[in-house]
Amino acid sequence: GSPVFIAFRSSTKKSVQYDDVPEYEDRLSLSENYTLSISNARISDEKRFVCMLVTEDNVFEAPTIVKVFKQPSKPEIVSKAPFLETEQLKKLGDCISKDSYPDGNITWYRNGKVLQPLEGVVVLIFKKQMDPVTQLYTMTSSLEYKATKADIQMQFTCSVTYYGPSGQKTVQSEQAIFDIYYPTEQVTIQVLPSKTAIKEGDIITLKCLGNGNPPPEEFLFYLPGQPEGIRSSNTYTLTDVRRNATGDYKCSLIDKKSMIASTAITVHYLDLSLNPSGEVTKQIGDALPVSCTISASRNATVVWMKDNIRLRSSPSFSSLQYQDAGNYVCETALQEVEGLKKRESLTLIVEGKPQIKMTKKTDPSGLSKTIICHVEGFPKPAIQWTITGSGSVINQTEESPYINGRYYSTIINSPEENVTLTCTAENQLERTVNSLNVSAISIPEHDEADEISDENREQVNHRATLIVGIVLRLLHGALVAGVVYWLYVKKSKTASKHVNKDLGNLEENKKLEQNNHRTEA
């Protein structure tokens, strides 16, 4: 359009004259050195301004071009996709920068590297809009992107490049990281809890996992011997498992049954059968076979206990004795399986009728005699003494402890004449009576040996075994010496026979010679 005068200043007048130009109203200032300032710059101020110097003789002009710049806002990624899918071209988002003048350019970056358009993989759509009022530009760049698994945790950014008074500048956006969806490529199955050994009665949970993102929420579970899968979430629980649950367990994707995983489960078991068991009552001398049978998924250890004391071997009774009575426990366990133990008990009661043996001995002082009634039987027999004849009783019925069905009662007596002592032993099975004649204290008599107690029996047996061993060694030595001596004597006799034979031949020769001489004469 036509030039418009906007300001005038005379060298002779100090005042400034501004023309009536509405768009510059109250925005112009012309200084004494003829510098024109425009406040509150606008895009419309981008024009050609001319400074004119008018003199009496001539007119001088000095034109200049005014450029207006507006820095755009920091770019921002908006309309972001909630996730990206592999092998699918999908809109990632829009990068927008507002209020720019002049307009700028937008660039996308993946992990700091510029994204260049690539058909079917990277699609960029750029557009700009100018506000009709402010004449400022808004730039928008849309990015469509086909993601791969390599884009997991990758940083996407964008920048705007614009021109300012000092040249080209760039402003970066904040980074954006997108969740990458990808299909399951492998299925795995787990057994929970993750202990190594499973026993009967346990609760186990099968957990199926797919390595896709997001992971599958439903699977098909296949139990041993069942061709049809059971549809469930990613877990399937088995309660109170039994030994017949041992086998291969599988799971697969619902929509892709060929993608399957399997695991082998062994349910360990342990059975124990004790025969007989519970409380068993037998008679002394009876035979009692005892068996503890084990059935287990692995080799099991077996321990026998009697009255809380571990036995070296399994009990076997060909002829029951009172000391065989007690509480027997057969216990077994699988060492590799925690908590898998079984035990059965046998309470053995050995009963017997009372048996009595009586002995007597004279006190070294010669003033009293001790009579002992040895009793064995079970239940414990009660002992009762009776005396026939006269005599003074010094100390009556002192009893020993009842051990292994045996005990004894002693009575000390100083009879002035011959007496008979009777010992009666009685339990629920029978009443047994035995008597012993005891001479008067003044009459010496042969003492009978005491019954060997159970505590001393083992020591005596050990000593007897030792003595027998020594005697056998002595006999062996004597036998060897005898054999050597016999061989020596035999050899000596043989030599003697040879000498005698030779001597006899000499004598016979002499006689023959004498006879020959006589014949010749």
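Backbone N, Cα and C define each Cβ position, glycine as well.
The disulfide bond recorded by Swiss-Prot for Cys251 reaches one of Cys208, Cys330; that cysteine is Cys208. Only one of Cys51, Cys158 is recorded by Swiss-Prot as the disulfide partner of Cys95: Cys158. In the three-state DSSP assignment, the secondary structure recorded for Cys373 (disulfide bond) is strand. For the domain 'Ig-like C2-type 1' (183-266), residue counts in helix, strand and coil come to 3 helix, 40 strand, 41 coil, using DSSP. When secondary structure is read from DSSP and collapsed to three states, Cys95 (disulfide bond) falls in the strand class. Look at the glycosylation sites Asn33, Asn299 and count other Cβ atoms within 10 Å of each Cβ; Asn33 has the fewest. The Cβ of Asn244 has fewer other Cβ atoms within 10 Å than any other of the glycosylation sites Asn105, Asn244, Asn418. For the disulfide-bonded residues Cys158, Cys208, Cys251, Cys292, Cys373, the greatest number of Cβ atoms within 10 Å around a candidate Cβ is found at Cys251. Counting only same-chain residues at least 6 apart in sequence, those with a Cβ under 8 Å from the Cβ of Cys330 (disulfide bond) are Leu272, Leu274, Cys292, Val302, Val303, Trp304, Arg343, Glu344, Ser345, Leu346.
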